[in-house]
Amino acid sequence: MVLSSKNDQPDHLFAAPIEKLGDWAFDEQVAAVFPNMITRSIPGYTNIITMIGMLSKRFVKPHTQIYDLGCSHGAACLSIYPNILDIPSCKIIAVEESPAMIKYCRENLMAHCDQIPIEIIEDDILNIKIDNASMVILNFTLQFLDPGHRENVLNRIYQGLNPGGILVLSEKFHFEDPDIGPLLFDMHHDFKRAHGYSDLEISQKSTMLKNVMRIDSVETHQNRLRQAGFEQMDLWFQCFNFGSLLALKTSSSND
């Protein structure tokens, strides 16, 4: 079950021309409309969140921890929670750097999750030690990190996952193919138009994200996961140029 904040508001942040567009930030304005914004901007987002809950039922083990790195409003945690109620001694650790976003996360998780220990940490995920993890979520988070830090994050996740543990890595993807890449780009814009965004809104948001969100190809992600130590991985969900990978730390893997 995916729950949403009682403070959800429609996203009209970029409906009027903005004279000076700065870089994107997850500030109070964005945080206030984030649930509406993300479901209208990322095709398949709701499906990914729902499936993360289903995956948790399969992979979370007793006496282990689940990490949601870059948890925003806590949607993935809320999806996981009802699926692991019967698994003893689990703990969810939700990490979010943005003070504005984590305010809504706290509100959501405190309102709906009272039967499993949940730790909410306001910090950069680069500072988080992963330990005794059966599941780690990176849901549209890695793309906002400096590319030079991404390998280090995945290395630490791999080291902190228990054998049999899973990483869910959801991202916007870059496609090199000169025909497929532009097609998927245009289809994504069509998706946003179909969800009520004007060309002005799409353009202004894209301009603000340009220097902040640096995306990789599926192959780059897979190579990085292999370098971290993951032996089994695959793309399990894709809609246009957005998707999600699963990476497993096999039972035979050694730290």
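Backbone N, Cα and C define each Cβ position, glycine as well.
Copied over from Swiss-Prot, here are the features:
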- Y45, G70, C71, S72, D124, I125, N139: S-adenosyl-L-methionine binding site (BINDING)
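Known features from Swiss-Prot, placed on the structure.
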{"residue": "Y45", "record": "S-adenosyl-L-methionine binding site", "CB count, 10 Å": "21"}
{"residue": "G70", "record": "S-adenosyl-L-methionine binding site", "CB count, 10 Å": "23"}
{"residue": "C71", "record": "S-adenosyl-L-methionine binding site", "CB count, 10 Å": "29"}
{"residue": "S72", "record": "S-adenosyl-L-methionine binding site", "CB count, 10 Å": "25"}
{"residue": "D124", "record": "S-adenosyl-L-methionine binding site", "CB count, 10 Å": "14"}
{"residue": "I125", "record": "S-adenosyl-L-methionine binding site", "CB count, 10 Å": "24"}
{"residue": "N139", "record": "S-adenosyl-L-methionine binding site", "CB count, 10 Å": "23"}
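Farthest C-alpha pair in the S-adenosyl-L-methionine-binding residues Y45, G70, C71, S72, D124, I125, N139: 23 Å apart. Under DSSP, I125 (S-adenosyl-L-methionine binding site) is assigned to a helix (H, G or I) in the three-state scheme. N139 (S-adenosyl-L-methionine binding site) carries a strand DSSP state (E or B).
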